[in-house]
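Structure first, commentary second.
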Amino acid sequence: MKLSLVAAMLLLLSAARAEEEDKKEDVGTVVGIDLGTTYSCVGVFKNGRVEIIANDQGNRITPPYVAFTPEGERLIGDAAKNQLTSNPENTVFDAKRLIGRTWNDPSVQQDIKFLPFKVVEKKTKPYIQVDIGGGQTKTFAPEEISAMVLTKMKETAEAYLGKKVTHAVVTVPAYFNDAQRQATKDAGTIAGLNVMRIINEPTAAAIAYGLDKREGEKNILVFDLGGGTFDVSLLTIDNGVFEVVATNGDTHLGGEDFDQRVMEHFIKLYKKKTGKDVRKDNRAVQKLRREVEKAKRALSSQHQARIEIESFYEGEDFSETLTRAKFEELNMDLFRSTMKPVQKVLEDSDLKKSDIDEIVLVGGSTRIPKIQQLVKEFFNGKEPSRGINPDEAVAYGAAVQAGVLSGDQDTGDLALLDVCPLTLGIETVGGVMTKLIPRNTVVPTKKSQIFSTASDNQPTVTIKVYEGERPLTKDNHLLGTFDLTGIPPAPRGVPQIEVTFEIDVNGILRVTAEDKGTGNKNKITITNDQNRLTPEEIERMVNDAEKFAEEDKKLKERIDTRNELESYAYSLKNQIGDKEKLGGKLSSEDKETMEKAVEEKIEWLESHQDADIEDFKAKKKELEEIVQPIISKLYGSAGPPPTGEEDTAEKDEL
């Protein structure tokens, strides 16, 4: 099957090359851009090899920061980042964490607490509000900020090439949803670039690793942990054909989250020592952000780092030590969470750990020794490959793909087969999710299926398109809805309605429905304005199907334990207040002791609804230890004492 697929792909490729030959003059030199969260990078395929291009400061990677000075000047890149601490309210970064997301997205709400600039709601999306100089306030969409960064990368390439650049290949996290991909393409358009292809970051990194590897089929696992996003992709590489078998990840996990944990630790420590809350001072927080990031980098090669900040807050200096052990302790849950997607891609691709030929680490955060150790331990001591630069690999792969699209013969026969990260389908009778394209299907792809009407003489069918892994649509995410009308009267089950799903190379979905009897057609393109998924929902869905049973069990256990404590406390309260029961038998001293203990637990419950199972059990045990000796003393040996739970046995509360 794979051979025929490869043959078909190579035929497609040669046809595409012939087509590209005609267009070659139009596109000029196509550049490859890695539009990262914390660094961006641009490369070009020239004279048979990839050149990663240095910016005007001589750096091969550029921070995607945009700043507006009080004088009305706009700075992009290193110059913008360098003045962050003196102008935090008007220095914008992390646009990639906002792009293509809705305002209500929990991660947006979480992020804006820590961003020094103002983020406001506009058209249900997050927009950035800054003072652009001269007392003028302006609001930008995240796409506009990303466009400014893309413009900087474009100009960097133009300065090196000595000519205009109009076409580009731009990378996105493999786990970016449709809205985020579309928004990234829009950013390119705003920057005056024709984004010929959106490719997935781990796939681009695999090209960088495997371009010159021609020794037969290999299974490659790409572990891509950057500043803001995390992807794992499993590919097979075979003589220039790169086939993604499975992908997984988290579009909101990276180096910035590790920095945030350390910052929170020091902010608390500073408050404990001085009683002062530095959160009120934007500049102080940004100074701390800068120094924490430096310390984190230092800890990749040494065991401790000093953090010294002069005139940190209210004229006082800041001086603390961060050890590697403390850094790891603060982030251990995040580090360990990176192993789940690795396990998932192995399961999805039906491969064992021993089947992986190479592990490729990409992204600056893979320099963290603990991350390297966890990956190595997961693969039973196998050493990851160290052959590629983790900062430049993605731009390198994008530049190779750009070379292919510009018709450069030196790229050799390169074919990319990527996948869609989630199952796509439509709702059928009873709210059932009927799957048309399973997750990890190679794209581009097209799939059709015949459906029919559910009742006699039904003139209209409503097509509801969903994304997700659960068997019922109510648990999945609605992408869009459209109607196919004008179906001629007929008994149920007779009309033939063909629904076609088509995903293009950029991962954008188009759905068509056709009444085969009349030739009536209707279609919908799922794009940015369809209110696509938040990454949290994507992450949830992919893992939900398998995790749900386990999660539900844990949740039920927690609720049951909470209810046990609540029922026990209230049952005791009622008995103490009832003269016919305990109330009439207790001494006033014992009664007061029990009342106090019960009230204490009821109050605790009201403010700790979300506590852990262990906490609920511990509180119940505390209450029992106070109550049972009193009741035992009261009842003596006349049978078992009441536990306070007789009234509630076998009754679930509503």
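Every residue gets a Cβ built from N, Cα and C, even glycine.
What you see is a predicted model, and the numbers here were worked out from it, not measured in a lab.
What Swiss-Prot says about this one:
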type	residues	note
SIGNAL	1-18	signal peptide
BINDING	36-39, K96, 227-229, 293-300, 364-367	ATP binding site
MOD_RES	K125	N6-acetyllysine
REGION	125-280	region 'Nucleotide-binding (NBD)'
MOD_RES	K213	N6-acetyllysine
MOD_RES	K271	N6-acetyllysine
MOD_RES	K326	N6-acetyllysine
MOD_RES	K353	N6-acetyllysine
REGION	420-500	region 'Substrate-binding (SBD)'
MOD_RES	K447	N6-succinyllysine
MOD_RES	T518	O-AMP-threonine
MOD_RES	T518	phosphothreonine
MOD_RES	K585	N6-methyllysine
MOD_RES	K585	N6,N6,N6-trimethyllysine
MOD_RES	K591	N6-methyllysine
MOD_RES	T643	phosphothreonine
MOTIF	651-654	motif 'Prevents secretion from ER'
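Positions of the features from Swiss-Prot, shown on the structure.
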| residue | record | Cβ contacts under 8 Å, 6 or more apart |
| --- | --- | --- |
| Y39 | ATP binding site | I61, T62, P63, P64, G227, G364, D391 |
| G228 | ATP binding site | G36, T37, T38, D94, K96, R97, H252, L253, G254, G255, E256 |
| R297 | ATP binding site | R367 |
| K326 | N6-acetyllysine | H265 |
| K353 | N6-acetyllysine | L346, F378, F379, N380, K382 |
| T366 | ATP binding site | F223, D224, L225, Q372, V375, P384, P390 |
| K447 | N6-succinyllysine | L436, I437, T500, F501 |
| T518 | O-AMP-threonine | G486, I487, P488 |
| K585 | N6-methyllysine | L634 |
| K591 | N6-methyllysine | I576, G583 |
State the three-class DSSP label for R297 (ATP binding site), counting H, G and I as helix, E and B as strand, and everything else as coil.
helix
If you average the pLDDT over the region 'Nucleotide-binding (NBD)' (125-280), what number do you get?
91
Of the recorded positions listed as K213, K271, S300, the one whose CA lies nearest the CA of K125 (N6-acetyllysine):
K271
Using Cα positions only, nearest of the recorded positions to K213 (N6-acetyllysine) (K271, K294, S300):
S300
Cα-to-Cα gap, K294 (ATP binding site) vs K271 (N6-acetyllysine), nearest whole Å:
22
Give me the Cα-Cα distance between S300 (ATP binding site) and K271 (N6-acetyllysine), rounded to a whole Å.
28
Taking DSSP three-state, what's K585 (N6-methyllysine) in: helix, strand or coil?
coil
For K271 (N6-acetyllysine): intrachain residues, at least 6 apart, with Cβ closer than 8 Å:
D277, V278
With DSSP helix as H/G/I and strand as E/B, how many residues of the region 'Substrate-binding (SBD)' (420-500) fall in helix, strand and coil?
3 helix, 40 strand, 38 coil
Would you pick out, from the recorded positions K125, K213, K294, the residue whose Cβ has the largest number of other Cβ atoms within 10 Å?
K125
